[in-house]
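Structure, as structure tokens:
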Amino acid sequence: MLELRHRGGCPSPGGAGTPPPREGEAAGGDHETESTSDKETDIDDRYGDLDARGDSDVPEMPPSSDRTPEILKKALSGLSSRWKNWWIRGILTLTMISLFFLIIYMGSFMLMLLVLGIQVKCFHEIITIGYRVYHSYDLPWFRTLSWYFLLCVNYFFYGETVADYFATFVQREEQLQFLIRYHRFISFALYLAGFCMFVLSLVKKHYRLQFYMFAWTHVTLLITVTQSHLVIQNLFEGMIWFLVPISSVICNDITAYLFGFFFGRTPLIKLSPKKTWEGFIGGFFSTVIFGFIAAYMLSKYQYFVCPVEYRSDVNSFVTECEPSELFRLQSYSLPPFLKAVLRRETVSLYPFQIHSIALSTFASLIGPFGGFFASGFKRAFKIKDFANTIPGHGGIMDRFDCQYLMATFVHVYITSFIRGPNPSKVLQQLLVLQPEQQLNIYKTLKTHLIEKGILQPTLKM
């Protein structure tokens with residue numbers, strides 16, 4: 001700082017990084033002023049040095065062990081490392097897609113369990129990195145507290161889901177009625193217990209490290225739990241709102257990798273040196289086409305388009321309904337240039353196909369920034385992957401880093417452009433009111449409908 005002040009007080013003509021003299025500082029003579037580019041270069045160098053000094057404090061993470069099955073190692077032993085990795089990624093990708101199809105066949109409840117399992121594993125991978133980077137294994141109670149906070153936040157969000165979508169089941173269980181009525185208070189009390197435990201666990205000379213890990217845990221909860229909750233909310237709107245966005249991200253990931261692998265020449269972003277413009281553009285067009293076709297195929301079946309509802313009489317989730325207008329074929333007039341190409345005036349489409357273009361566009365243009373963010377995170381802590389769970393792919397978080405942005409976008413998209421007020425939620429709130437309150441609401445609603453001419457006034461005898 002003394003050196004900077006000295007340099008600032010004694011400007012030298014033409015010196016890079018030398019601040020310009022203030023007005024009236026010297027009498028007479030011409031003073032060279034520093035160009036804007038010189039200023040920016042000096043600032044970049046100064047902050048680059050600070051960033052480098054900060055990186056030196058981050059310990060080198062131990063390399064991940066290779067968990068590739070021995071049978072694959074032997075089969076691919078004669079290939080170069082580039083092609084060996086390509087085959088391992090391809091085989092494991094096909095395996096995961098096949099398992100995903102099996103879980104879809106098993107129903108929406110298994111999909112919810114899958115989302116919950118992925119959430120827990122992602123939380124574990126990110127928290128483990130924090131423990132290793134900050135050497136916090138010896139901090140009292142902190143590993144226990146991290147998992148305790150995960151349980152608290154899950155209890156809050158999934159309790160809200162139970163209250164919203166399992167109303168009929170809750171109504172017949174007296175114990176559940178108590179838990180639902182005071183759900184938010186119980187959730188807050190559980191969180192306060194963890195908060196107090198954290199304060200009591202503070203140890204002298206480790207305060208800053210403990211608060212680092214406290215913040216790390218809460219940011220991880222924000223990334224994993226809230227986003228997985230939104231994924232399940234989207235699923236309840238209809239399995240198609242779950243499958244098309246998720247499969248679009250998967251398609252973009254695969255096709256961008258393939259286009260980049262075979263045609264990539266132009267680097268896209270410094271955070272991910274292997275990402276190329278060719279892969280990014282090829283992935284975009286492939287994803288939009290895939291989303292459009294997938295929306296057409298899935299819109300035909302009630303199993304995919306109907307909202308997921310829990311029926312207490314059969315004690316299971318059902319997907320039976322009269323499809324909404326989004327999933328009924330409509331005729332659309334073609335623009336003039338398409339009429340000449342296709343030689344037809346109109347085309348029949350499901351309205352959801354138009355929405356799928358917006359979803360797949362987001363998945364291919366904005367979704368990858370979740371991956372870039374994850375790449376920056378890994379570079380900051382000098383790690384190659386979040387974990388070594390999946391050979392050739394890394395950890396679960398490495399495969400689902402783009403999905404979390406997608407889940408939030410789909411939820412916002414549904415609430416903004418698709419769904420209005422939810423009558424079922426209003427009805428659920430009415431059912432927990434006192435009889436006198438329900439009667440007053442009934443009278444008010446009846447009077448309102450009579451005034452609008454929807455109901456005929458009853459004649460008094």
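Note: Cβ is positioned from N, Cα and C throughout, glycine not excepted.
As annotated by TrEMBL, region 'Disordered' applies to 1-68.
For 22-56, the entry in TrEMBL reads compositional bias 'Basic and acidic residues'.
Long-range contacts of the transmembrane segment (141-158) within its own chain (CB-CB distance under 8 A, at least 6 residues past either end) are made by residues 116, 120, 123, 127, 131, 183-184, 186-187, 190-191, 194, 197-198, 201, 210, 213, 217-218, 221, 225-226, 229. The feature transmembrane segment is assigned by TrEMBL to 141-158 (among others).
Outside the transmembrane segment (178-200), and at least 6 residues removed from its termini, the chain residues within Cβ reach (under 8 Å) are 141, 145, 148-149, 152-153, 155-156, 159-160, 162-163, 170, 210, 214, 432. Summarising the annotation, TrEMBL assigns transmembrane segment to 178-200 (among others).
Residues annotated as transmembrane segment in TrEMBL: 212-232 (among others).
As annotated by TrEMBL, transmembrane segment applies to 238-264 (among others).
The transmembrane segment feature in TrEMBL is assigned to 276-298 (among others). Sequence-distant contacts of the transmembrane segment (276-298) (same chain, at least 6 residues past either end, Cβ-Cβ under 8 Å): 239-240, 243-244, 247-248, 251-253, 255-261, 263-268, 304-305, 349-350, 352-353, 355-357, 359-361, 363-365, 368.
If you look up TrEMBL, you'll see 352-374 (among others) marked as transmembrane segment.
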